[in-house]
Amino acid sequence: MDMNELKALTFDDAIKQIEDGMIVGIGSGSTIELLIPALAKQLRNQQKHITSVCTSKKTAMLVENEGIPVMDVNEVEQIHLAIDGADEVDPELNLIKGGGGALFREKVIDAKADRFIVLIDESKQVEYLGASFKLPVEVDQFNWIMLSKQLEKDLSSRVERRMMDDEPFVTDNGNYILDIQLEKPMNAYDLHEYLIHLVGVLETGLFLDVTDQVIVGTQQGVKVLNRE
Ligand code: 5RP
């Protein structure tokens, strides 16, 4: 099976957790873009109606195109369930996210949800966060060079401003993403605490203690990991 087939293996286990009337957080990235039409089809077949809150402008557009209502996150009292992808998942179900640059809105919605489930293919499972993926951090444009230099010095790691089509990548919030190539395993909690207090940092791609379930598409079938 190719990557997309592995991702698609996870969809049924996720969709069956959606109940009629729920407010559902919908994440961002290629997994979620594959999920959206499958979700819309199953909702139509089962005559279930949900309202969504979306973690990026792109996701909101795709969801609306499928006829699923989208609400502003500020207008909902509760998010019953959030579904998202991830770039890395460690054995404690902590995550690195932000490969698509939507990490701030993802954290707002995923962390606020009563239940947060993550859909990945098996290549995303790692021994420690930062093992294979650069850690994204969303920063203000004003002092991004100052921040990059400080991070390189303090973390002894390479830092790059994310680019797209030869232009700086700009998030839905008008900010830049700095990608940190962690040189060695670090305590993710300490690292998040250090980063989040720097002036100019909006949010980090470390999603710690927020995941309830990870559904993994593997060559051997679906594996479901629950938070202990
Ligand atoms: C976007 C994200 C995505 O969930 C993450 O990058 C995984 O993406 P994909 O489903 O394309 O592998 O965090 O900001």
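From the backbone N, Cα and C atoms, a Cβ is placed for every residue, glycine too.
Annotated features in TrEMBL:
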type	residues	note
ACT_SITE	E106	active site, proton acceptor
BINDING	S28, G29, S30, T31, D84, G85, A86, D87, K97, G98, G99, G100, K124	substrate binding site
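Location within the structure of each feature annotated in TrEMBL.
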{"residue": "S28", "record": "substrate binding site", "DSSP (3 states)": "coil"}
{"residue": "D84", "record": "substrate binding site", "DSSP (3 states)": "strand"}
{"residue": "K97", "record": "substrate binding site", "DSSP (3 states)": "coil"}
{"residue": "E106", "record": "active site, proton acceptor", "DSSP (3 states)": "helix"}
{"residue": "K124", "record": "substrate binding site", "DSSP (3 states)": "helix"}
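Between the farthest pair of Cα atoms in the substrate binding residues (S28, G29, S30, T31, D84, G85, A86, D87, K97, G98, G99, G100, K124), the distance is 16 Å. Note: the substrate site is recorded as S28, G29, S30, T31, D84, G85, A86, D87, K97, G98, G99, G100, K124; in the same chain, G27, I32, E106 also have Cβ atoms within 8 Å of that site's Cβ centroid. On its own chain, S30 (substrate binding site) has N4, K7, G85 as residues at least 6 apart in sequence with a Cβ closer than 8 Å to its own Cβ.
Sequence-distant neighbours of K97 (substrate binding site) (same chain, 6+ apart, CB under 8 A from its CB) are D84, G85, A86, D87, L103, E106, K107, P136, G205, F207. Taking Cβ-Cβ distances under 8 Å and a sequence separation of 6 or more, the neighbours of S28 (substrate binding site) in its chain are C54, T55, S56, K58, T59, D84, G85, G100, A102, R105, E106. When Cβ atoms from all protein chains are considered, those within 10 Å of K124 (substrate binding site) total 23, not counting its own.
A C-beta separation below 8 Å, combined with a sequence spacing of at least six in one chain, links G99 (substrate binding site) to G29, D87, F133, P136.
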